[in-house]
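Per Swiss-Prot, the features are as follows:
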TRANSMEM  20-42  transmembrane segment
TRANSMEM  63-83  transmembrane segment
TRANSMEM  91-111  transmembrane segment
TRANSMEM  116-136  transmembrane segment
TRANSMEM  164-184  transmembrane segment
TRANSMEM  191-211  transmembrane segment
TRANSMEM  247-267  transmembrane segment
TRANSMEM  285-305  transmembrane segment
TRANSMEM  313-332  transmembrane segment
TRANSMEM  337-356  transmembrane segment
TRANSMEM  379-399  transmembrane segment
TRANSMEM  405-425  transmembrane segment
């Protein structure tokens with residue numbers, strides 16, 4: 001491949017920060033919706049599954065509707081991934097946030113079972129289907145867009161900002177539900193209070209749409225289109241054939257990221273209440289505080305990944321959880337509240353290493369002309385199989401074995417596999433150009449360096465197989 005210095009991408013670091021905010025809004029909205037739904041399952045069950053007498057079964061049906069969203073994510077990943085690789089990243093990100101906002105608003109407006117009968121749960125299910133479908137193209141698109149718009153030397157530190165949106169969305173949901181339950185009676189919450197957060201989600205979506213409409217297309221995508229007119233000539237089977245190793249590493253990385261993520265954010269609150277016997281308010285405050293502390297930790301580890309390489313930060317997380325997961329769950333069974341807090345915050349500490357590195361690292365595993373669709377499909381299949389099922393698997397393990405430490409064994413096993421795969425198969429790409437692309441630089445000094453060292457600028461040429 002001939003080197004053309006004119007194709008080196010000069011990017012503005014300040015604009016890159018704005019792209020993080022605009023794309024992070026989508027993450028915030030996704031997790032705000034997830035958090036609100038999780039916190040209001042009892043009210044949703046009472047409104048949409050009222051003929052069911054058992055509260056436990058109503059809750060199961062409510063969670064089943066939530067699980068449907070995960071099953072639709074891979075389909076959304078395929079559709080939006082193909083569109084994103086062919087027509088651009090921006091068009092998808094603009095579309096997904098509209099669909100997400102609409103589905104969230106719909107849930108808040110739906111009549112109850114007592115008003116329209118069986119249509120109520122059916123419409124709830126359809127709203128969750130739309131949410132899952134749109135989310136399937138959202139996160140992979142956000143990661144891709146930020147990675148392609150950031151200077152290579154700051155890709156992880158800027159990418160970690162996406163997870164700030166994730167954490168902020170969940171924190172906002174927790175705080176809003178806490179305020180509503182404080183100011184409203186239980187009857188008012190069951191009647192109309194639970195709907196308020198879903199209705200307010202519309203404004204978050206409109207704000208995100210406003211920001212995203214002002215975005216420009218990523219420089220990497222524009223450069224790729226300009227230099228490779230016949231770029232979209234490979235199908236999924238060929239992608240798997242040529243890049244199965246990269247797909248496998250990405251799949252495993254998403255597994256250990258999401259199993260840890262859902263273990264801490266989705267399962268741990270239930271574990272603390274049902275097994276450890278903490279009250280709901282204390283549990284909510286603890287989990288919210290953990291996520292708040294993870295925000296500066298994620299930013300710190302993102303900067304560290306740019307300096308020492310994301311592979312080493314991955315290994316800090318997987319290695320740490322290999323050693324600490326069982327200890328952490330043992331600490332949760334302590335009679336000391338302080339010791340319990342240490343166990344929870346320890347899990348959050350190691351999770352923050354993933355929050356910091358995943359957004360900036362996963363897009364680097366694939367070439368520009370196949371990046372969106374391959375990342376989107378791989379990410380969403382992995383999340384659907386392992387991420388969304390984590391609370392269910394953890395609950396089943398405790399019930400089946402009778403061992404309250406069973407979830408820790410599961411987390412340890414996943415972490416060991418992740419540690420081995422990253423150690424032996426992952427190549428650190430921190431500071432390097434994205435595969436299939438010329439370098440992204442934000443100063444003339446870096447540009448001059450790559451002009452003098454073209455082989456380092458196009459380090460990926462020898463690896464490309466299609």
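In case you wondered, yes, glycine gets a Cβ from its N, Cα and C as well.
The stretch from 20-42, 63-83, 164-184, 313-332, 405-425 that makes the most Cβ contacts under 8 Å with the transmembrane segment (247-267) is 405-425. Within its own chain, the transmembrane segment (191-211) has Cβ neighbours under 8 Å at 18, 21-22, 25-26, 28-29, 32-33, 36, 40, 43-44, 47, 94, 97-98, 100-102, 104-105, 107-109, 173, 176-177, 180-181, 184, counting only residues six or more beyond its boundaries. Counted over residue pairs separated by six or more positions, the transmembrane segment (63-83) shares fewer than 3 Cβ pairs under 8 angstroms with the transmembrane segment (285-305), which leaves the two as not touching.
The transmembrane segment (20-42) makes no contact with the transmembrane segment (285-305): fewer than 3 of their CB pairs lie within 8 A, with pairs spaced 6 or more apart in sequence.
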